[in-house]
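J.: According to Swiss-Prot, the record shows the following:
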BINDING   12-18, 40-42, Arg305, 331-333, 413-415  GTP binding site
BINDING   Asp13, Gly40  Mg(2+) binding site
BINDING   Asp13, Glu14, Gly15, Lys16, Asn38, Ala39, Gly40, His41, Thr129, Arg143, Gln224, Thr239, Arg303  IMP binding site
ACT_SITE  Asp13  active site, proton acceptor
ACT_SITE  His41  active site, proton donor
BINDING   Ala299, Val300, Thr301, Gly302, Arg303, Pro304, Arg305  substrate binding site
Amino acid sequence: MGNVIILGSQWGDEGKGKIVDLFAERFDIVARYQGGHNAGHTVFIGEKKFVLKLIPSGILRPGKKAVIGNGLVIDPAALLSEIDTLQAAGVPVMGNLFISNRAHVLFPAHRMMEKMSEGREGRVSIGTTSRGIGPCYEDKIARRGIRIADLLDTEFFRAQYASVMEEKVLIAKALGIYSELDLRAIRDEYEAFAERIRPMVCDTSVLLNDAIRSGKTVMFEGAQGTMLDIDHGTYPFVTSSSASAGGACTGTGVAPTRISGVLGVSKAYITRVGGGPFPTEAFDGAGDRIRERGKEFGAVTGRPRRCGWFDVPLLRYTANINGFDSLVITKLDVLDEFDQIPVCVSYRIGNREVVDMPPTVAEMEKVEPVYECVPGWNTSTFGISQFGELPAKAKEYLAYLENRTGVEVGCVSTGPERNQTIVRAGSRFESLIG
């Protein structure tokens with residue numbers, strides 16, 4: 001057992017929130033390292049449903065520390081709303097949540113820029129959540145962003161805010177996308193936000209590294225999925241942050257040498273929200289069956305997810321980028337009623353058959369999936385928590401995925417509750433989780 005990264009191996013929505021929540025009790029700290037409030041982790045505890053967008057799922061475990069790393073962009077209003085909701089539900093937040101002083105701050109102007117630019121003529125529609133995440137990261141990369149540490153220094157913040165917002169207004173007006181903002185009222189509101197979060201702000205890189213040196217363990221919680229990574233995803237239909245394993249280091253300030261392992265989370269099928277290529281998307285009614293059985297609607301937006309079949313070339317690609325030690329397969333029970341389960345094993349582009357992910361969207365949109373069909377099991381797997389109790393055909397399906405991807409399946413989720421989970425004895429997953 002050591003310091004472990006848990007992240008999505010597909011296009012997000014793989015069920016990471018449940019897995020992080022379930023195993024957080026075995027770690028001392030859970031740290032988020034990228035993204036913003038555009039990605040929601042849904043966790044069920046008995047009759048209670050929690051949708052966490054910024055705060056790590058580990059906050060739901062008594063006595064565990066939760067860290068929001070420097071790689072995130074933070075809308076203070078969204079963060080404080082989440083804190084208030086947790087506290088109202090009896091979850092202790094103060095003293096358990098730590099916010100990086102180097103994380104960037106998201107403003108209403110960022111939302112304005114995103115909403116308007118997404119609809120501009122000639123612009124490729126990415127299908128964003130319109131929460132301003134991309135424009136905030138743009139400011140970060142352009143070195144004009146405002147960080148949490150800046151927000152806490154009132155005099156410095158006021159000067160920086162005036163300069164940045166003046167530029168934003170000029171750009172928005174030039175592009176014809178300006179909508180009226182009361183910049184003074186927003187500034188005052190953010191100064192009030194600063195006082196509420198001040199007790200939780202620190203240098204989280206120091207906190208994490210000191211904890212690791214003292215023998216404590218950290219779980220790094222990824223948001224979204226590798227295929228939405230700014231560098232390695234289906235660009236430009238991606239998010240604006242590093243959603244792969246490398247982002248855990250840059251987004252927290254913890255060195256790669258201090259990471260013990262990487263666990264990938266994947267559905268037993270695959271889904272995607274928003275635009276972009278999706279080679280195995282099912283259009284023949286099977287996609288609708290998966291969506292209804294799996295309740296595939298976005299945790300943040302409520303949008304119906306596009307659904308399709310497991311994509312082996314995609315998984316091999318994300319396993320290679322992240323160095324997965326083990327896979328978690330979620331929502332196995334969603335496939336319980338299928339007689340045959342197609343699995344994409346390669347792609348055909350024209351008269352060529354390829355087994356690797358094409359690098360461009362243009363090529364991705366031309367691929368035809370090559371399927372092999374695996375027999376279904378037509379027996380309920382819902383709630384099973386012991387591998388030996390799975391139907392033989394369900395075990396064969398998991399073995400097939402292992403053989404095709406080259407990565408062990410060390411954990412299987414068969415329902416939304418904590419106890420509806422299988423950990424395979426002797427697996428690399430078990431050794432990393434402890």
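Every residue gets a Cβ built from N, Cα and C, even glycine.
Please go over these features one by one and say how buried each is and what sits next to it.
T.: Secondary structure at Thr414 (GTP binding site), as computed by DSSP, is coil. Of all Cβ atoms in the protein chains displayed, 26 besides its own lie within 10 Å of the Cβ of Thr414 (GTP binding site).
Mapped onto three states, the DSSP output places Gly40 (Mg(2+) binding site) in coil.
Around Gly15 (GTP binding site), the C-beta neighbours below 8 angstroms that are at least 6 residues distant in the chain are Val265, Lys267, Val328, Thr330, Lys331, Ser413.
In the three-state DSSP assignment, the secondary structure recorded for Asp13 (Mg(2+) binding site) is coil.
Residue environment of His41 (active site, proton donor) contains 25 other Cβ atoms, counted within 10 Å of its Cβ in all protein chains.
Non-local neighbourhood of Pro304 (substrate binding site): Arg291, Glu296, Phe297, Gly298, each in the same chain, at least six residues away, with C-beta under 8 Å from its C-beta.
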J.: Using the structure shown, find which entry in Asn38, Gln224, Thr301 (the binding-site residues) has the sparsest Cβ neighbourhood within 10 Å.
T.: Thr301
J.: By the DSSP assignment reduced to helix, strand and coil, which category contains Pro304 (substrate binding site)?
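T.: In three-state terms, Pro304 (substrate binding site) counts as strand.
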J.: I need the nearest neighbour of Asp13 (Mg(2+) binding site) among the binding-site residues Asn38, Thr129, Thr301, Arg305, using C-alpha distances.
T.: Arg305
J.: Sort out for me which one of Gly12, Gly40, Gly302 has the most neighbouring CB atoms within 10 A, since those are the binding-site residues we care about.
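T.: Answer by Cβ density within 10 Å: Gly12.
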J.: Just how spread out is the IMP site if you go by the largest Cα to Cα distance in Å among Asp13, Glu14, Gly15, Lys16, Asn38, Ala39, Gly40, His41, Thr129, Arg143, Gln224, Thr239, Arg303?
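T.: So the maximum pairwise Cα distance among the IMP binders is 34 Å.
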